[in-house]
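Presented below is the structure to which this report refers.
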């Protein structure tokens, strides 16, 4: 299986060939242990071999190079830490990468450890200083706000004392002037010493804070609060919070303990405060000085941290690439089996045949670089295992191949529908989206994406934008084909133009109207390209275009389905399967073309002859009354005989597809496996015995005739019913084309022309805005997506199910170029 299609000797640069996947072979490489690392490195550079995991039964921790992978993973973690820190600091790593050959992995490990320790210490010190700075800012606010409370209370008490003629209290009562606000007077002989606490509490908690204080102390506290104008940074959380400064007066140690617990429960930050105004001023001065010093220290720390991150950023890309390369190398080496002598590694993998010379050159270079006395051994292994599928694509063809792969990856070397999808997909889209004005809008948007290709390809885009950018060349062809079909339909935002010549129809007299074909006669040569503009706006426009687009949809559908069946013939020819040619391809061609191929022929004959035959009647009575005379529905001589022959052939094609193939496969199985069980010769290598036994067991599998017959029955029923349903499915081309045209007409006539008819500038501007948004939102976005999905369905279901198995698996080579930032 692996040798189908040849392909040897094509050199190192194979030509682009999308029709068949690249010929592959299974190779075995025996690598000396001392050159294993450099060999994997060189093979990763060329990226043309997919290694098989020969240690699948082992867990990741039981493999040979688990320690090296753990070491690389730890370095990758440190690099991610550096990237997070740079992102927080608003820095981006330098795009240029240094020479990786100059970096030693052991030195890099030490460097990364030192840098992480230094950066962690800087961050810890910075957080500690920032917390102290935030606490001092809060302390300063408390000193200022609480000082204002005391000053206001002191001045109020002095004013009351000066106005009073009686000596109501001794001199010492001025030390606690806030008692005057309580209207609770004590006897002059009794002195009450009040304690107080100052601090800040979050503004949204102030009401609950005050209520709990009142209830816990039974009203034996005095609370004063003042709002802080600007939000302050909380020292604990580091977030901006709106806070209030509070001052609580209480009496006794019991009340004090209750207040302290309540403050702690509400997360209130408490600060020491002196009731002496002179001490308050001294504290404010000291705190302001410490704030200034801390600010300078924090700024210097940020500068130092920024310089360190800048230095890391300059080397980050080179370090990151090296660490990811090392991790992928050891991950690959873990897939290889180690010899019992532990002196060499055995690798198996798939590679394109054309890459043989490149792989051998890489092995030689690795042997020289590692100073190994023994070179690596390269050999091709015979196998019946199905190779992976590998197509050489470029940025233009890759998006079309992705459309096909989304349905299923092609089986090894089967015909690839991606070749035809490049043309048929945008064309079928354009049949449903035919308007050269809308096509130009799509083209301009796509050209913008293509001109910005270098910029956008290196950026992370949103999901929708990334999908659109990835399919930019698909949309480019979709827009070009839409312009082409729009010129055929003669629609520019639903408006017809006489682009190629004047209309072929002229008025017979002055009474004819633009809204009717009555009075129009053909006075000039036929309009050379597309639909004559005279049809637009006429009474017969809709019946004419419906008939045209419906018949065109059937012709396109039958043509594409025939292409699919023809590709199944080339698959059978390529894989040397004559059974599929004689008992699948031929009856399928007869059945499809005996019915719907004949319908397509009638459509073309009717167009050419101008006949008024009713094709519905012809096709229906071809089944119901095949011997009846056709009468006026006859399009050519001996038509009834031709129909009888085609109907008979179509009926014969059904059992032709169903019955012979299962019996032929059963006979082939008996002929192939008679007398083929055997015993391996004694003394052979153990691995060969295991393989021989495995092959003999595979050959001895029972041939399930009933399963094969049921499968063939399902396939036959599916094709017969699918021939009808698939042909009807292509009528979506007509339906969506009609919907697009009618929507475009509605927006033009009911919005733009209606606004124009009011002769009012404001209404006209509003009408233009509505028309633009409706055109962009509905026709250029929703209709584009709708037509895209319908074209996708026609390719996946109606076209590809005729020949495409799509049960292969992609070629995933070990390549450094394919490593992404998220690969772990």
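Cβ atoms here come from the backbone N, Cα and C positions, even for glycine.
Caution: TrEMBL annotation is automatic and unverified by curators.
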**transmembrane segment range according to TrEMBL, out of 501-521, 522-542, 585-605** = 585-605
**Prompt:** In TrEMBL, which of the ranges 552-573, 618-639, 662-683, 684-705 has the transmembrane segment annotation?
**Reply:** 552-573
**Per TrEMBL, the range holding transmembrane segment, considering 427-451, 727-751** = 427-451
**Complete:** Per the Cβ under 8 Å criterion, with at least 6 residues separating them from its ends, the transmembrane segment (427-451) contacts 468-469, 472-473, 475-476, 478-489, 491-495, 552-553, 556, 560, 732-733, 736-737, 740-741, 744, 775-776, 779-780, 783-784, 786-788, 790-791, 794-795
**Asked** When you scan the chain for residues with a C-beta under 8 Å from the transmembrane segment (585-605), skipping those not six or more beyond its ends, what do you find?
**Response** 551, 554-555, 558-559, 561-562, 565, 568-569, 572, 611, 613, 615, 618-619, 635-636, 642-643, 646-647, 649-650, 652-654, 656-657, 719-720, 723, 727, 802
**Message:** Six or more residues beyond either end and a Cβ under 8 Å away: which residues meet both conditions relative to the transmembrane segment (552-573)?
**Reply:** 414-415, 417, 420, 424, 428, 431, 579-581, 584-585, 588-589, 592-593, 596-597, 599-600, 603-604, 723, 726-727, 729-734, 794, 798-804
**Asked** Are there residues at least 6 beyond the ends of the transmembrane segment (472-489) whose Cβ is under 8 Å from a Cβ of it, and what are they?
**Response** 395-396, 399-400, 403, 422-423, 425-427, 429-431, 433-440, 442-443, 445-447, 449-450, 453, 499, 529-531, 545, 737, 741, 784, 788
